[in-house]
Every structure is written in C-alpha cells, then in structure tokens.
Amino acid sequence: MSLPEAYQKEIEALNQQLLSFNPTDILQFCADHFLQRLASERAAFLASNSSASPRKTSDPPSPSMSNPTFTSPFGSGSNPFGSGNMQNVIEEEDDVVGSPTGPSFGNKATPAFKGPFGAGPFGGDSSSDGPPSAFRSPPNADSYPAQYNFNRRTSVSAESLKPVADTDDNWTPPVHQKTPEQLARLKKAIEGNFLFSHLDEEQNNLILGALQEKPIPAKDIKVITQGDTGDYFYVVEKGKFDVYVHNGPANELGRELGNKVTTIEAGGSFGELALMYNSPRAATVVSAEPGCTLWAVDRTTFRRILMESTFARRRMYEGFLGEVPLLSSLTAWERSKIADALETLKFPAGTIIITEGEPGDSFYLLEEGEAHAFKSGNSNPVMEYKKGDFFGELALLNDAPRAASVIAKTDVKVATLDKLAFQRLLGPVEGIMRRTRYDGVASGVEDVDPLSAPA
Amino acid sequence: MAATLASANPFQPGGGLHPCQLRAQQQAQQQRASQSHLSSSDTNSQPLISSNRKLTLADFRRVRTLGTGTFARVVLVRPATGTESDRQKVYALKILRKTEVIKLRQIDHVRHERAILSDVSGHPFITNLLASFSDTDFLYLLLDYVPGGELFSYLRKWRRFDEDMARFYAAEIVLILEFLHEQQGGVAYRDLKPENLLLDEEGHIKLVDFGFAKRLGNNANEKGNNPVETYTLCGTPEYLAPEVIQNKGHTTAVDWWALGILIYEFLTGYPPFWHQNPIEIYKQIVEKPITFPSDPFLSPEAKDIIKQFCTVDRSRRLGNISGGAAKVKAHPFFRGVDWDAVYHRRDKGPIVPPVRFPGDAQCFDIYPEEDVGRDPYTEEMRDRYDEYFKDF
C-alpha cells in the first residue's frame, strides 16, 4: 500500500522547512510545524462553514455575523473547536472526563479532531506526566440553570467618554421640543425601565428633552434590523410595531424576518441595550401600521447626560466635603468614597430635617434651597444655611443629642450620610481627625455648627 | 519605532517568579546554554530583547494562535533568529490591529493597557510584559508565555471547583487586587473572569488582558482633587457591577464585586446572574438579591463572602470598605490561609497543567490562524492616529 498523497505533500513541506531552519531539536520543530499546519487547515475549513458556528452576540458593526466578535483576545467565543453550543455541552455531561482542556472541549460535533498528539489532547501515553493529582473525577453534574451558555464570554465596552470638564469641547445635551402631553407620555413610558428608574429628576428631564421625534409614516418600515449595529433606544408614542427574531444562520439575516415574537404598542419601548454599548440588534422591528411616531435617543447622548450630571454632582459633593473642618484631612480618594455613599433626600419647605434633643446619626450637606436652625425657647433662627453649607456633622463623631432643630425654609435637597456608613468606609472619624493636629479645631467646629452640644 | 522595555526589568531574577520564567530570563540575560535538553551550546549573539534593540515582527516565528478577538490575537512565538537556544525560547505575542482599535474606539484602552502592564510587571500573579513595538498596521505586546491555559477551560471541564480549590485561586486574586488597588495607585482591572486567568506551569494564576485596566489614583497621601471615578462602561456582562450598569461613575470597587461573582461561578459552575438576553442580566444585577442553589452545598463562609462582595451599596461592599484588602483577607472564608505562603507560591496549585516542555501549547484551544475581511489602515488614519500609539 502506498502512502496517501496528502501525507507525502505534508512531509515534503516539512522537509523544506527543516532544510531552511536547520533546527537541532527536530522533534520540537516538527511538532510546531504540524500544529501550525493543523491550525491553518482547520481555519480554512471553518471559513468555508463559518456561518454554522453559533456565536454570542456582541459584534461590532459588521454586515456579517461571522466576523469575530469584539472581545478581549482571550474572550472570544469564536474558537472553532470549542464553540459548541449549549446542547452539545449538556450532552457531554454524561461523558467520562478524559481531559480538562482539550481543544475539542465541549463539542461533540467535531469528534474527529482529537488534538495533535493522538489519543487525546493530553496524550496520556505520550506524556511523561501522569494525570495531575487534581484530575480525578469531576463533581457531579447537575442542576445547571436551563439554557446556561458555557462558552467563553465576550467582553463589552462602550466608547470611552470623558466629562466636559476634562476636555476642550463645549458639549451640551440636545433639546428637542415637546408638548406637555408628549412629555408626560414619554415620562410614563420610560419610568419603569431599569436604565431610567434610578435617575433623578434633573437627569430624567435632560433625557426626555434629548428624545428626538422619528415619524414612521408607512407600514412595513424596518426601524431596526437584527444583526445590525445598534445606537438608538426607541419609545413608541403612536402606532404599533412587530418584533421578529430570526434563528437561522447569520447569512440569511436580512433576507428573512424570522418569527414574529411580540408587538409593541404606544407607551412601549425597544432597543435599550444600545444605550449601554454597541451590540448587534437581537431582533428586527417593523412598523405594523401607517402613521406611527417614535422618539429616539442615542447611546452617546444618553451616557453623556448621565455622566456630566453625575460628574458635576460628585465634584459638588467633594467640594462641600472639603469645607467641613472635621473632614478637612480626607484625601481626594476618600472624599470620592464618601461621595459614592451620599444619599440625596428632598424636603418640602417647613419640614423638620433634624430635631433638637434627638440622637444624631446622620450628617447633611445642603445641595439646594435654604434651611434654618432653631433652638427651643428662641423663636429666631440661630443659624441659616444655604447651598454648600452642612449641618449635623458632629453625629459622625459622637452620639450627643442634636443641639438644635433644622427646618427647611424653602424646598430643599440635601445629601446625607449616616455615621455607620462613614465608619464602614473610612473607619472612625476620630482616626481621620488624628491625622492632622486637631487642637483648637474642636472649638472651630462649635463655631460652625450650633448643633453641637457643649462638650 | 523603537521597542520599549517594560520599566521593571523583566530579566531581574527573583521576585517570586516562576522557575520556568526564571529559566527563560536567565537564558536571555546570560546567554548560556540552559540545562534543558532542548538547547545546544551558545555563542555570543545579542539577546533578542534588550532596551537598545529594535524589535520587529520578523524577529519572531509564529507557532500558533492562543486566543483571538476582534482587534487582537495572541500568538505563541519563538525567536526567528539567533542561536539555537535562542530559538527555543517561547513568548506570547499580543497583536492588536490598529484599524479595529480605532473603529471600536478603544484607543484609550489600548494605551492604558500598554502603560499599566509595564507598571505592574513582576507581580507573581500578573502576566509579565517584556517589550512592545509596532509597525504600519499593528501594535505588539511581547509577554511571557503562560503555558497552562485558561482557568476557564478547567472550570468548564470540571463543572465546578470545591471550596479549597476556589479558595486557592480566590486568595491569589485577592493579592492581585490588593496590589493593583492599594499599591499601584488605584488601578481598576475591570474584566475579572475565568477567561482572563491563566495557569502557569505550577498551577498558579496569571492575570492577563489589561485592555480595560485603568489607573484611577487612590494615593491615600495625596490631597489632589482629581476625580477618581470613571465612566466608560466596560467588562463582561455577567460580571458588571451595578454602578457600571447604572452609569453612576465607578471605581476599583467593581473588581471586588466581580470577585464575588467569580467565587460563585467557581463553586457552582455558573454565575449568579444569567439570562440569554443581556438586558435581563443587567436587570437582575441591579434589582435581584443573590441566591444560592441547594446543590451544590456552599458553606456559610462562602455564601457570606460572595454576598459581601456582591453588595450594591458600595459603603457596605467588602474590599471597598474601611480596611480594604486586609479586611477581605480576614474574612472567615480565608481562615487558615497563610498569605505570605500564597504570595511566595509555596504550594503548587490544585490543578497542575500537563505542560510537557516550555513551548507546549496543548492547554490552549485551537483558533483560526487567519484574519478575514479586515479594513486597511489608511494613510489618513495613520496621520490622524499614529501619535496615539507612539508609546508602543
């Protein structure tokens, strides 16, 4: 029997390589050579079938889903031999585990490829190592969440954004006019969405202002297309939209809509993932009737609005904190930690924010509005507070009762932090105070804060 | 462009380095024949990697790909020239395609990666940058080759780890985060997951891929007013911290959250928040308390440390609260851990990868060797962007 022609070709190629490199470690050289050959041969094979390989969705803008996804170099799900889909992995749970990291790991669909060294990827007999002590039997396989995807997970990233304060441009959020009725409808449409529900009123208003009208005059207009790059989030003001998901090979996308999975009506929304990062659309959305109206906002606008407002507020908090004598020795990093933990509260005019005689556990920064401090038996305020002032900070230091009441003069917004949160983050205030010579400052605190009881 | 050497001298022996790496370094430094049977006697050629030598792709022979991404590929390489023993050395070469870096608006991330990697090189559990260089189309990072493959592969094959194994890896990661956050001036890593943890020859962790790492600054003695929080959303969906999802500005605290997710995944085989639709993952992360399966059984200490890391309120999150990493080390989950022994790698890992020779790549999966359908790096792009890559 003669040797196969393909084999002879490989050997000839190897001979050529050997001659040109003249290595001393022949075996190593041959092993490297064939590994390289194998990898490129498999790659060529795959390129011809690439669309069959299931893939996680986080692709960059690309017409074909078969491109490797955006990922960190080790994070790709594009490994041809390891990219078995769920079903394959689950089937394999019954198998005896022969090797922990074989190239064919997790995929029964390519049983022919057992790795370059024969019996198995770890080539039990060709390796001088015994099985590592840890490779006994695996723990019992059971109770995985249904449909859990065992593949490598793709990293995601939004465009890097820097606050205006750090850059030269003069970005301001776009404002598109809306009627009060429209505003009310849009507000209702987004308030239940977890990407919006935690926003404060100011942020919400900026986002609502930035929503831009997109009239969809006719039926059967594709608003978003599965697999396409996604930049916009949409709210439906008027009309109906059908949602289709196509589960076939990626290269059929665009030709077929796939199955209709749901209909979105007025007050609904879609495309929210695009507000986080650029990822291919998971479905196609088509207008189901003429005369529809959508409102849209893009990721960069959304993220910039939130970033600018958060950034400004944090700098404000840090500035306020810098004014508190008790906290004057905090580093920028520590002030930032405190700013993380500050909680915003609003009080209507006339509300008692803290009550004289009660134990103090929280400290307040006045963000907006004005407040007064009163002491019992004295109808005139003993202190007036405006934006940037603070009160109750001695609560961070001791449990002494409040020395005065503070009442909101106007509607106020305060940022507050309780003693326990402060201590969890930075330890006892006493320790912070000890960093700087604090002699004499005690009385300074008294001067600033009428709420402190005389020591 | 001249090859720039990592600021920490990569050829400095010691520093808790792996004997295998030490060996490679000694070879480079002293140019003597190693005791390996692979090497023959040496002559007096220049070392491949030195600060006064310009590296190019032609200095390397590609063995095979170890991992791929959209704009990056990591390739196992050997020196193309030099003595026979030079040519037996192996390195991991990370190749980044400029066009894709620009298109995906990842220029800042790539620059941070280069800068931070060179700052943190030499830590026992972090991949070691040897040099960087560039040519017309690509940027290159030359790294020590870590032969054991991804912890991800072992975890999936094993389904899950028992608590002793999980503790072993978690302890090494705690030391990494302590180093990055507290000794390196507030470096947030931002992409912790089993896929980014390699095992070296003795089964110790090497953290790779600093593509999302960012220096935020936390010097406790520094009273400047530079913001320390950052806003760019990045990471891996299942591992994102709630403050990242909600755009609140985030800090190094995100890495402690991710460590909680990681320990959970080690112990159960899957992450606590998962759904086929990423939006549902994010909703769960923000709204849903972490729950544990009845099987496998998790010890109260394990559950507690996971819950303490995965706490939405950053004023309560372990690692971020007063005491920092020291408080993490004192948690009952790590009771009995000799942290000095961990740092000095006194024990072999619970999984010792079957690495048979220094350039053995059998622990890595096979990837396609060719890129397809790439856009060219045009002259306009070069004129506009090449200055951003000048540190390579």
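For all residues, glycine too, the Cβ spot is worked out from N, Cα and C.
If you look up TrEMBL, you'll see A:Glu272, A:Arg281 marked as 3',5'-cyclic AMP 1 binding site. The DSSP secondary structure for A:Glu272 (3',5'-cyclic AMP 1 binding site) is helix. Its Cβ taken as reference, A:Glu272 (3',5'-cyclic AMP 1 binding site) is surrounded by 18 other Cβ atoms within 10 Å in the chains shown.
According to TrEMBL, the 3',5'-cyclic AMP 2 binding site annotation covers A:Glu393, A:Arg402.
Feature annotation from TrEMBL assigns compositional bias 'Low complexity' to A:72-85 (among others).
Feature annotation from TrEMBL assigns compositional bias 'Low complexity' to A:124-135 (among others).
Summarising the annotation, TrEMBL assigns compositional bias 'Polar residues' to A:146-158.
As annotated by TrEMBL, domain 'Cyclic nucleotide-binding' applies to A:195-323 (among others).
Residues or ranges marked as domain 'Cyclic nucleotide-binding' by TrEMBL: A:326-443 (among others). Under DSSP, residues within the domain 'Cyclic nucleotide-binding' (A:326-443) fall into helix, strand and coil as 34 helix, 37 strand, 47 coil.
Marked as region 'Disordered' by TrEMBL: A:47-176.
Note: none of the binding-site residues A:Arg281, A:Glu393, A:Arg402 has a C-beta at a distance under 8 Å from a chain B C-beta. Here the Cα atom of A:Arg281 (3',5'-cyclic AMP 1 binding site) is found 50 Å from that of A:Glu393 (3',5'-cyclic AMP 2 binding site). Cα spacing between A:Arg402 (3',5'-cyclic AMP 2 binding site) and A:Glu272 (3',5'-cyclic AMP 1 binding site): 47 Å, rounded to the nearest whole number. Using a 10 Å Cβ-Cβ cutoff, A:Arg281 (3',5'-cyclic AMP 1 binding site) registers 20 neighbours. Every protein chain considered, the tally of other Cβ atoms within 10 Å of the Cβ of A:Arg402 (3',5'-cyclic AMP 2 binding site) stands at 22. Looking at A:Glu272 (3',5'-cyclic AMP 1 binding site) and A:Glu393 (3',5'-cyclic AMP 2 binding site), their Cα atoms lie 41 Å from each other. In this model, the domain 'Cyclic nucleotide-binding' (A:195-323) carries an average pLDDT of 91. For the recorded site, A:Arg281 (3',5'-cyclic AMP 1 binding site), the DSSP three-state label reads coil. Over all protein chains present, the Cβ of A:Glu393 (3',5'-cyclic AMP 2 binding site) has 26 other Cβ atoms lying within 10 Å.
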